[in-house]
Amino acid sequence: MSLEEKVKNIIVDKLGVEPDEVVEEASFVDDLGADSLDLVELIMSMEETFDLEISDEEAEKILKVKDAIEYIKAHT
Amino acid sequence: MDKESQVVVVTGGSQGIGRAIALRFAGQGASVYFCHYDPDDSESKKTEKLLAEAGGQGKGYKVNVADKDEVKAFFKALVQEAGRIDVLVNNAGITKDGFAVRMKEQDWDAVVDINLKGTFFCIQEAARAMMKQKQGRIINISSVVGAMGNPTQANYAASKAGVMGLTKAMAKELASRGILVNAVAPGYINTQMTDILSDEVKQAFIDATPLGKMGEPEDVAAAVEFLASENSRYITGQVLHVNGGMYM
């Protein structure tokens, strides 16, 4: 499974959205209906899946699907 | 949720109120994981035996709840083995009494670290698992002293009042994930912790209790069982006082 697919799977699972909604430009809050605790869960799940530690400052910048993919690409 | 497959974690479960709580759940066939920080394993082994006799499965682990790494490792191993956590009972607690003007910093820290910070660490770890399950119950053992105050217990009273605030914050934070968080605040209960009190203080507690006697660990365990059951599914962020009327 590609990195992009893994990230999208996490988002589908955590936010309960349809896979085709998870496009790169989608905003977690505005387009995918995430609340603040959902965002925390997403970050935790990405940390677990990719064995990362994402600081709060960095996490705050992960607003869209593509932000997450780019962050993980740059840090794995 | 089928009670027989319930996974229950009780901190400070080798003796006193914690043991009674562990036994209560074991009696329903739950898998009970309890931790303790006794110098030796004798009470823990005894509790394991009692749990098996009560019809459940029980295992004791030596964990210092005030040590984040130890707590993390304990919950990690537990989730790996049991696969889930249905109920967390934060019961581990100590006293180090003394007048505030003479209280040593380490006695303040020890009590607040175990009673309050330890409760927080365990909630942090259990909540991660419960959020994934989208259900769970967290029951924190506070104390009547956290609501009323008590001379020579500045550290204990502060820690137990802290547990009440923590309970309410966590109840709000986790409600959307189907996790209910409540506290039970025992009054004067017959345990080792209260056995060390002077006869004078014991009598004063009884005199201050409308029901006129001390409570038993089982009285607290019954309240915990209720807050872990389907019957309390619309209750969160509450402090249930089990104190014979000492505080209303």
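Keep in mind that glycine also has a Cβ here, set from the backbone N, Cα and C atoms.
The domain 'Ketoreductase' feature in TrEMBL is assigned to B:6-187.
Positions annotated as NADP(+) binding site by TrEMBL: B:N64, B:V65, B:N91, B:Y156, B:A157, B:A158, B:S159, B:K160, B:I189. Here B:Y156 (active site, proton acceptor) comes close to B:T95, B:K96, B:D97, B:V111, B:N115, B:S143, B:V145, B:N150: these same-chain residues lie at least six apart in sequence, with C-beta atoms under 8 angstroms from its C-beta. According to its DSSP assignment, B:Y156 (active site, proton acceptor) is helical.
Per TrEMBL, the feature active site, proton acceptor maps to B:Y156.
Least crowded of the binding-site residues (B:N64, B:N91, B:S159), judged by neighbouring Cβ atoms within 10 Å of its own Cβ: B:N64. In this structure, B:I189 (NADP(+) binding site) is part of a beta strand by DSSP.
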